[in-house]
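Asker: These came from TrEMBL, pasted as-is:
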DOMAIN    7-148  domain 'Sodium/calcium exchanger membrane region'
DOMAIN    174-314  domain 'Sodium/calcium exchanger membrane region'
TRANSMEM  6-26  transmembrane segment
TRANSMEM  35-54  transmembrane segment
TRANSMEM  74-97  transmembrane segment
TRANSMEM  109-125  transmembrane segment
TRANSMEM  131-148  transmembrane segment
TRANSMEM  174-196  transmembrane segment
TRANSMEM  208-227  transmembrane segment
TRANSMEM  239-261  transmembrane segment
TRANSMEM  267-287  transmembrane segment
TRANSMEM  299-317  transmembrane segment
């Protein structure tokens with residue numbers, strides 16, 4: 001019992017450190033990028049796409065490299081399902097409705113669906129190998145290029161060019177960047193370790209822990225940003241944050257470890273988890289295209305779908 005309490009405490013502490021370390025790392029890395037003269041467009045796009053996904057990304061990579069591939073894949077798929085059903089669902093409930101536009105649907109919505117379809121296509125082989133990793137990373141590179149080109153057009157239309165004030169290099173930012181990155185790696189390792197130990201003690205499959213405990217826990221940053229955005233009626237930020245995170249999770253969270261290690265695939269993930277991800281992504285696109293907004297009713301439906309999925313995955317099929 002005492003060991004249980006220690007593991008639960010370690011899991012919670014590691015989770016807090018993971019989220020805080022990711023924020024410290026990204027914030028200071030952006031400042032260093034500005035000092036080095038990196039375009040604010042590139043910084044904005046990459047931080048928006050990857051910043052809040054670092055906890056899931058780090059947990060997935062550490063899980064795969066420490067011999068827990070089920071947990072790694074579970075974090076990615078589970079986080080994406082929760083992002084759509086949980087985060088967007090709650091956001092829609094809080095803000096009455098979330099508006100959207102055609103550009104967001106075409107850019108982020110369909111890319112998220114394409115990434116999920118490509119992933120399940122490779123999962124049908126029974127493993128995810130180096131070829132899969134290369135394809136996924138190339139897809140993310142193409143997506144980033146498209147984002148940067150679009151942002152460049154917007155920037156040219158709405159901003160005039162001013163000479164940027166010279167900045168002196170702040171070594172504290174470099175130190176905090178290194179500390180943030182180190183904290184992220186160590187805390188992700190502790191998070192995965194405690195999750196694996198808890199799963200073994202409770203006789204729970206690692207995939208279940210990845211799909212739910214790690215997925216929801218590491219998505220707390222997106223949950224906070226999305227809900228705050230929705231309550232302030234900043235609707236596009238709410239949807240853009242979640243969809244961008246889902247794309248990064250699949251293409252990089254699976255793509256990078258697949259370059260180094262062949263990842264076996266749980267047959268139930270192919271039969272249930274991945275189809276649910278594709279289904280809720282398609283449903284979200286349908287809601288977004290039908291009347292350019294997500295209502296409270298549609299948000300409630302997304303939450304209901306997640307509840308049914310969790311019941312089936314944890315109670316019926318585990």
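Placement of Cβ uses the backbone N, Cα and C atoms for every residue, glycine included.
Caution: TrEMBL annotation is automatic and unverified by curators.
Model, not experiment: these values are computed from the prediction.
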Asker: So which of 6-26, 109-125, 239-261, 267-287, 299-317 has the most C-beta pairs under 8 Å when paired with the transmembrane segment (174-196)?
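Answerer: By the under-8 Å Cβ criterion, the transmembrane segment (174-196) pairs most with 6-26.
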Asker: Could you tell me whether the transmembrane segment (109-125) and the transmembrane segment (267-287) are in contact, taking contact to mean 3+ Cβ pairs under 8 Å with a sequence separation of 6 or more?
Answerer: yes
Asker: Please figure out which one of 6-26, 109-125, 239-261, 299-317 racks up the most CB pairs under 8 Å against the transmembrane segment (74-97).
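Answerer: When the Cβ pairs under 8 Å are tallied, 299-317 comes out ahead.
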Asker: May I ask for the residues of the chain that lie six or more residues beyond the transmembrane segment (239-261) and have a Cβ under 8 Å from a Cβ within it?
Answerer: 48-50, 52-53, 56-57, 60-61, 64-65, 69, 72-73, 75-76, 79-80, 83-84, 87-88, 98, 100, 104, 108-109, 111-112, 115-116, 119, 128-130, 132-137, 139-140, 143, 219, 222, 225-226, 229, 281, 288, 294
